[in-house]
Amino acid sequence: MVDVTPDAASPVPPAEVAEVELYHPHSWWTKYVFSQDAKVIAIQYSATALGIGFVALVLSWLIRLQLGFPGTFDFITPEAYYQFITMHGMIMVIYLLTALFLGGFGNYLIPLMVGARDMVFPYVNMLSYWIYLLAVLVLVSSFFAPGGPTGAGWTLYPPQAIMTGTPGGQDWGIVLMLSSLILFVIGFTMGGLNYVVTVLQGRTRGMTLMRLPLTVWGIFTATVMALLAFPALFVACVMMLLDRVLGTSFFMPAIIEMGEQLQHGGGSPILFQHLFWFFGHPEVYIVALPAFGIVSDLISTHARKNIFGYRMMVWAIVVIGALSFVVWAHHMYVSGMHPYFGFFFATTTLIIAIPTAIKVYNWVLTLWRGDIHLTVPMLFALAFIVTFVNGGLTGLFLGNVVVDVPLSDTMFVVAHFHMVMGVAPIIVIFGAIYHWYPKITGRMLNEAMGQFHFWVTFLGAYLIFFPMHYLGLMGVPRRYNELGDMALLSESAHQLNAFISIMAFIVGFAQLVFLFNLIWSIRHGREAGGNPWRATTLEWQTPQTPPAHGNFGKELPVVYRWAYDYSVPGAKEDFIPQNEPPSAYAASRGAV
Amino acid sequence: MSIVLVFLAVVAAIAAWWLSQQRLMAKPWLEQGSTAAFPRTESGSMPAAKIGLGVFLAVVGCLFALFASAYFMRMGFPDWRALPVPPTLWLNTGILVLSSVALQCAVFAARNGQFDMVRLGLVTGGLTALAFLAGQLVVWRQLVAEGYFLSSNPANSFFYLITAMHGLHILGGLVALGRTTAIAWRPEQRDRLTLSVELCAIYWHFLLLVWLAIFAVLAGWAAGFIEICRQLLT
Ligand code: HEM
Ligand SMILES: [Cu+2]
């Protein structure tokens with residue numbers, strides 16, 4: 001190895017930036033509730049996201065009750081069914097995944113991993129959480145509003161989203177939904193500024209970009225994308241809100257509803273679709289990139305091997321982030337477009353597969369001849385690779401216009417996106433929680449419950465979503481609350497649906513076990529110590545566990561190496577922390 | 001959506017330029033030791049608040065680029081009837097330019113330590129910005145008086161929506177400006193003053209730029225310009 005230290009005796013260049021003064025809380029309230037400490041904010045974000053995510057899980061049970069046993073449950077009217085799928089989809093994608101990856105893991109891990117005491121704008125960071133909480137509350141309130149929540153589908157396509165026939169369309173539902181999304185975007189922007197600028201300006205000495213753990217790269221790139229993509233959602237929501245409340249016609253064409261001419265006219269629903277998917281496609285990668293990053297770190301740590309092709313991994317993350325802004329119209333093949341447009345978007349869509357495939361190869365090559373420890377986080381990481389490849393392959397099918405047109409709006413699409421952006425990121429979230437829980441609480445999660453949780457979730461998710469591909473190919477449409485006696489369906493299709501529903505309940509039960517484990521282990525888990533996984537990154541090197549306010553004690557760590565020095569030949573242990581000075585320096589110190 | 005794509009291309013170019021200086025070709029697994037050997041790869045010395053403002057402006061820029069994109073797409077439909085440009089807008093534009101100039105003077109004064117001038121600049125900047133907002137409200141009243149209501153035509157809807165969005169951003173800026181002005185009266189916080197004033201000025205210049213672009217779009221000159229570009233390309 002090249003030792004680039006110019007003068008082994010003083011390897012630390014003088015600090016260029018004076019340390020900023022840390023905000024110190026004075027009361028219980030500012031310490032635990034209105035806290036400006038990123039770690040507390042992270043826990044608040046995560047708890048809120050998991051809480052609302054649980055609502056979405058319950059909604060998925062209700063959906064499956066109806067699909068598996070149509071006609072049995074009177075309270076699930078067609079309107080209620082639409083409301084359930086809409087809220088389920090929206091909560092899962094935005095209020096759970098986005099908030100948990102960026103607000104939760106971003107807040108906890110970025111300052112610790114880059115060696116900072118806190119985020120750069122702690123006050124704005126705190127506001128970000130409270131606005132997010134407000135957005136969630138507004139969303140929840142729509143369940144209790146007259147007319148109930150909106151049933152427009154998570155895509156909220158106009159004109160139907162704001163018409164009488166759609167649940168919540170002329171009531172409170174859609175108004176609350178749009179307001180909640182607008183709040184979410186504002187709150188996220190505040191948090192996002194923190195995540196980006198902390199990575200840019202808050203890194204400790206020695207932490208160059210190319211020494212950042214891939215987790216930080218993933219969250220950083222995803223945040224940049226989110227900052228540029230969410231404005232599109234914001235614009236779409238504001239304009240639709242005006243259409244609904246003040247009677248403008250941004251999106252609303254002239255419509256005759258029940259014999260009456262509505263006051264709208266001339267608007268373009270396609271315009272909404274462009275705006276929505278300009279946000280919507282990058283959103284897929286906003287939840288995927290942090291997952292990519294986290295998985296890379298989990299695999300490397302638990303296979304005791306450096307990540308294969310670190311540079312390529314970084315480049316791939318950046319390239320995927322950039323490309324995902326020019327593929328949005330592949331969601332609009334069936335909306336009608338110029339054939340050259342379709343060709344362009346199909347091509348860009350397929351090109352994204354290249355950097356994504358590179359990442360998959362590198363994960364597999366990292367595992368190759370590694371010293372694989374099948375810990376729970378590792379199991380989840382492995383499951384992610386399989387699931388993501390699976391969902392990615394069906395994505396290649398759907399990326400082609402000719403294949404997409406017949407499959408569009410069938411259960412095949414539902415199966416595809418659940419694999420790739422439902423199950424895959426959720427699995428990473430679980431793995432990440434098992435991995436970092438010991439740092440957050442000082443105790444390990446219970447291993448037996450973890451294994452149970454993993455196997456039921458992983459196998460169960462396949463049993464739920466795999467059959468949906470077949471149903472889709474058979475022609476079972478998406479967003480139908482009841483199939484009735486369609487000639488194209490055999491009896492076995494109905495049995496399959498019942499089977500899927502039962503599996504969904506079993507998987508849901510496993511999540512309750514997980515929840516129990518989370519709470520139980522806070523007090524009864526095995527003591528973890530500071531670095532139970534023997535990992536190299538800075539968050540495991542803090543003097544206290546859980547890390548105290550200010551993270552690193554008196555002095556910030558100095559970084560001397562990349563994050564993946566596992567099983568280095570000749571080293572004392574099979575990992576070398578990032579803040580361990582190079583051997584030459586250590587030797588010279590020893591001589592003095 | 002071409003406008004927002006052009007905007008993103010600019011952002012991407014800046015990001016690419018910055019990344020190109022970060023030794024992305026390095027082989028970190030071969031390099032141990034401190035980073036004295038590769039300068040300029042650590043966190044920069046620029047204040048975090050300035051970088052933060054820069055990132056925020058990128059977000060705001062994206063927002064308005066999206067509004068403009070939507071504007072041009074919606075414009076292509078047959079029910080579009082362009083608005084007349086109220087002459088008051090010229091006056092407002094002038095006032096906003098003044099506001100920006102005043103804040104720039106405050107920046108120079110702060111760098112030279114002339115604190116009276118800083119206060120004068122800040123207050124002038126704030127008052128002119130308020131005058132701009134009042135002027136925009138007057139324009140709205142004029143348009144309503146002439147029968148151009150919010151929902152009677154998409155051109156009107158966009159006019160009110162975009163001017164309102166811009167006004168809201170100015171309003172937000174005024175909050176920051178108010179806090180900066182408060183600092184300017186407290187000698188013990190002088191060390192923070194220059195940076196605060198600079199941040200306000202940057203934000204003001206940016207919103208002035210956005211306003212000029214919006215004005216061009218709403219008045220229809222931008223459409224003519226884009227038409228020329230299109231003809232040159234084909
Ligand atoms: C327990 C696991 C889950 C089950 C059993 C489940 C089940 C379902 C079903 C059956 C539908 C659509 C039915 C229809 O179209 O008629 C659906 C829709 C959807 N789900 Fe899930 N889901 C689960 C988890 C997730 C997760 C983790 C995500 C996160 C991305 C997600 C995102 C969505 C979205 C975006 C829709 C589309 C909603 C719409 O059509 O507007 N789901 N889910
Ligand atoms: Cu997409």
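Quick reminder: no glycine exception, Cβ is built from N, Cα and C everywhere.
What TrEMBL says about this protein:
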type: DOMAIN; residues: A:23-560; note: domain 'Cytochrome oxidase subunit I profile'
type: TRANSMEM; residues: A:40-63; note: transmembrane segment
type: TRANSMEM; residues: A:83-110; note: transmembrane segment
type: TRANSMEM; residues: A:130-152; note: transmembrane segment
type: TRANSMEM; residues: A:172-193; note: transmembrane segment
type: TRANSMEM; residues: A:214-242; note: transmembrane segment
type: TRANSMEM; residues: A:284-300; note: transmembrane segment
type: TRANSMEM; residues: A:312-334; note: transmembrane segment
type: TRANSMEM; residues: A:340-364; note: transmembrane segment
type: TRANSMEM; residues: A:376-399; note: transmembrane segment
type: TRANSMEM; residues: A:411-434; note: transmembrane segment
type: TRANSMEM; residues: A:454-476; note: transmembrane segment
type: TRANSMEM; residues: A:496-520; note: transmembrane segment
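Proximity of distant same-chain residues to the transmembrane segment (A:312-334), defined by a Cβ-Cβ separation under 8 Å and at least 6 residues beyond the stretch ends, is recorded for 210, 214, 217-218, 221-222, 224-225, 228-229, 270, 273-274, 277-278, 280-282, 284-285, 288-289, 292-293, 296, 341-342, 345-346, 348-349, 351-352, 355-356, 358-359, 362, 398-399, 401, 404-405, 408-409. Beyond the ends of the transmembrane segment (A:411-434), by six or more residues, the same chain brings 92-93, 97, 100-101, 105, 284, 287-288, 290-291, 294-295, 298, 375-381, 383-384, 387-388, 390-392, 394-395, 397-398, 445, 450, 453-454, 457-458, 461, 464-466, 468-469, 471-473, 476-478, 514, 518 to within a C-beta distance below 8 angstroms of the stretch. The stretch in closest packing with the transmembrane segment (A:214-242), judged by the count of Cβ pairs under 8 Å and taken from A:83-110, A:172-193, A:284-300, A:376-399, A:454-476, is A:284-300.
In terms of C-beta pairs under 8 Å, the stretch of A:83-110, A:172-193, A:454-476 lying closest in packing to the transmembrane segment (A:376-399) is A:454-476. Long-range contacts of the transmembrane segment (A:172-193) within the same chain: residues 83, 90, 94-95, 98-99, 102-103, 106-107, 121, 124-125, 127-132, 134-136, 138-139, 141-142, 145-152, 156, 161-162, 166, 223, 226-227, 230-231, 233-234, 237-238, 240-241, 244-245, each at least 6 residues beyond the stretch ends and with a Cβ under 8 Å from a Cβ of the stretch. The average pLDDT the prediction assigns to the domain 'Cytochrome oxidase subunit I profile' (A:23-560) is 91.
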